[in-house]
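This report refers to the structure that appears directly beneath it.
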Amino acid sequence: MIQLSPSILAADFADLGRECRKVLDAGADMLHIDVMDGHFVPNISLGVPVLASLHKALPDAYYDVHLMISQPVRYAEAFVQAGASCITFHVEAVEDAAGAIKAIHALGVGAGVSIKPATPVEDILPILDQVEMVLVMSVEPGFGGQKFMPAAVDKIAALDAYRREHGLGFRISVDGGVNSQTGALCTAAGADILVAGSQVFAAADPAAAVAELRAL
Ligand SMILES: O=C(CO)[C@H](O)[C@H](O)COP(=O)(O)O
């Protein structure tokens, strides 16, 4: 079953609660919360108070929190207290990825690891038996609305082959430039979760955009 995680980066932040409710009502499975610190990536987005407010307004939603920050372990607990359902960190941001996963699990939530376009899948093979999710970046993290990088499809296929070969259960998510064409390539390669920002929130009819992606 393909799941859809709309990225709130492309939402109207002045109307965030209503925008999120709309995509959830339209069938989105979760909300992708893009956290950027202006250090790990060259942009600043939102932080703990925004998630806490969203969680208060929409307590039953699943919050898929993507930390594009330099010190993910330091801030993971605050995001979990604010309502994060799972925490994804970047392998490029930590020295001890296994330690980061343990720290996230100790908070009682699922752990995901993300790789930038230049990071090979081989870099995360030793920790794939410890995570619930791998997030493949199909754009350089930092900004929404970029063009999908097709090399992500090969990474998804390699991860899918690896999990089958080793009997692992992590889910494969893909983030950046996902639309109905690029999303179809990703799901055919083995992706389970599509993260889409502009395609959903910038659409004239977000509900129709969710339905189109969910049907892939
Ligand atoms: O993590 C991100 C950027 O760093 C965003 O989630 C991603 O770019 C999604 O936006 P879009 O679908 O508009 O490309």
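Each position is counted from 1, following the chain as shown.
Even glycines carry a Cβ here, placed using N, Cα and C.
Of the residues His55, His66, His90, TrEMBL places His66 in the same divalent metal cation site as His32, Asp34, Asp175. TrEMBL names His66, Gly142, Phe143, Gly144, Gly145, Asp175, Gly176, Gly177, Gly197, Ser198 as substrate ligands; from the candidate set Ser7, Ser114, the record adds Ser7 to that same site. Mapped onto three states, the DSSP output places Asp34 (active site, proton acceptor) in strand. Of the listed binding-site residues, namely Ser7, Ser198, the sparsest CB environment within 10 A is found at Ser198.
The divalent metal cation site is defined by His32, Asp34, His66, Asp175, and by the 8 Å test on Cβ atoms against their centroid, the other residues of the chain that qualify are Ser5, Ser7, Leu9, Ile33, Asp64, Met68, Thr88, Leu135, Val195, Gly197. Distance noted between the C-alpha atoms of Gly177 (substrate binding site) and His66 (divalent metal cation binding site) is 16 Å. Sequence-distant contacts of Gly142 (substrate binding site), defined by Cβ-Cβ distance under 8 angstroms and a gap of at least six in the same chain, are Met36, Val41, Pro42, Asn43, Met68.
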